[in-house]
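Participant: The following block contains the structure, expressed as structure tokens.
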């Protein structure tokens, strides 16, 4: 009798819990082994060989516990019975016939009777603990483990596929979180580094990025400071370098020092002063103020493109001095003043050796640089260049400009000065000029003025004689060979209602008798590095060799004023027109007795020195507004449609930078265009602009402060041109003159321009910010002239309000565009402002 193994307690026996069918259900399931040939009743196909089967089949253990050591020994013995394994328990793929090829093992099938599948009754261990049942259970478990091991690679591949997707997602999520953390860390550090100064200024010292905000926290301007230093380490200034005015002082070692200071210029205007001091010769302090998209900038002066607004142009760094835009970056009238549509203004100190650029790299910006050179800023007043400017903010662009404008221009104005201003606003200037000195004679003056008198409804006005009234420029005496009785001619002109004006310059030709006297008295600008003995020579207009009066010499002004007073006393004319030339007309290696900040300072000194001694009708070039009643001239424009289109942006710019009283160029242009010159060489046209161009130019000039002629309307022999001139003279007399006089008084009180951009009427209307081919006279009249050849239509923008059409008298609502507005050749589009309570 076989020995029954001792039954282990539940505590000693490891159990595997398997969820499966209930006992009742399990007893009802018939056992079928397809591989062993069992039928549906569970009867064995090998029943015919009981002896053989009794030696091969082990009783299956119904327990679901793991085998003990004795049972594992039995498993080994069973596995050694190869015949049983080969004949009864193992099937191949060929035997199954599933088509997956030979040699693939499948799960080992146990041969059990239905009774062996039933669970034992509680407490009944007679069958379940038998050796046969234990071996069968272990054998089945071994087969199951073997199958699981064989199918493990396939399951691992499936699991790997799912795990791979999960791992990719986890890695992506991890990278995203790291990126967000880094971004947050960067932004946090930027916020920490962008320390707040003076409540509204944030300045990142390491990046040198400054932003200025308004009281609501809205960014007004962003600037990149110290762009040329290439050095980030910043330190507080040493105690001896600090100021006692509340300034913030920062220093970049051995490179530059920066002072930040805040002050209130007006009640609603807050200004932030920035002053860079270079600490070595290799540093040129440079700050770039961003021209953000949608923000427009104005000011400075005329530029090469006549860009309005400024961001439409592009300029490399050039000295901010006067010049000719045909050859230089900037025009004949300048001011270190720029203003944006966001209510931000930049004012640069006059002592700064200023270079200016408008660049797109890396963003659109206006850049300011302090730099010494060998011409424009050759005289050094500090050890290193200093960039000193203020950024001022206000409620809006128009209000800020009004607050920053020069007020009380009437201070010191005399009654006769007021008469001169009114005469220029109401009477034209007749400029008698020629390129050939020999053709400029007393007879020419008489004939020209007689033709003017023959024009009906046009007043006589001022007769302007160019420098050819002298034999040589700088004579300051009349050429008696060509003007033997000019004294009598001037007297006749005065009786006819003309005012005669002589043009003078600070230049003395080397062929003039006054040149030798000026050299002997040392009244001329000297050549640098010559021991102050050799006069510095230059060229001016048609004169190839001229010297320049040294206005800083205390003996020069009395000498010049004496000659000018003697000339005026003898010929009884009314005033002088001062043609100073641009900065580039100065000798390149100039040296005055007293050092100049730049060549343009010469103009200011010259005007201020003689204005109190003789009457000045106007000046050709300036960097500072001359005292009233002197007007400032626009630059000379060529006789072309392009020249006509330059007039409005230029006059608007001059008004913005503080020159309300201006003299436009001549009707039809000041000099022939290249096309006209080529045509003249072919003998196809006379020395006159195109008639259509002349008419359109005349229509524009009728609304400007001064109408200036150098060609008479009757010169064409075309009734159409003459009739247009007469009708426009009547329009100016009835409609324009009262408005000009009204806003001239406003200019004298507030410094605001007479001719204004549309944004001064409505600074919050973005459409007004970019209109460059319209203007307003004060707030009362808007003018939209035709500026293109053969054009009979144009787009017109009207600011807020109700406007009366000057052509057909209809009322038009503002704050909108009028498309395809019809303007015939003999008409000019203008609109009069109506009271706000006007109804259709």
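Our numbering is plain: 1 for the first residue shown, then up by one each step along the chain.
Glycine too: its Cβ is placed from the backbone N, Cα and C atoms.
Feature list, courtesy of TrEMBL:
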DOMAIN    467-589  domain 'Glycoside hydrolase family 31 TIM barrel'
DOMAIN    638-711  domain 'Glycoside hydrolase family 31 TIM barrel'
DOMAIN    751-823  domain 'Glycosyl hydrolase family 31 C-terminal'
REGION    83-110  region 'Disordered'
TRANSMEM  166-188  transmembrane segment
Participant: Summarise the domain 'Glycosyl hydrolase family 31 C-terminal' (751-823) as counts of helix, strand and coil residues per DSSP.
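Facilitator: Per-class counts: 7 helix, 29 strand, 37 coil.
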Participant: Return yes if the domain 'Glycoside hydrolase family 31 TIM barrel' (638-711) and the domain 'Glycosyl hydrolase family 31 C-terminal' (751-823) have at least 3 CB pairs under 8 Å (sequence gap of 6 or more), otherwise no.
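Facilitator: Between the domain 'Glycoside hydrolase family 31 TIM barrel' (638-711) and the domain 'Glycosyl hydrolase family 31 C-terminal' (751-823), contact is present.
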Participant: Which numbers of helix, strand and coil residues does DSSP report for the domain 'Glycoside hydrolase family 31 TIM barrel' (638-711)?
Facilitator: 35 helix, 8 strand, 31 coil
Participant: Suppose you look only at the domain 'Glycosyl hydrolase family 31 C-terminal' (751-823); what would the mean pLDDT be?
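Facilitator: Taking every residue in the domain 'Glycosyl hydrolase family 31 C-terminal' (751-823) and averaging pLDDT yields 96.
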Participant: Under the DSSP assignment, what numbers of helix, strand and coil residues are found in the domain 'Glycoside hydrolase family 31 TIM barrel' (467-589)?
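Facilitator: Within the domain 'Glycoside hydrolase family 31 TIM barrel' (467-589) the tally stands at 40 helix, 28 strand, 55 coil.
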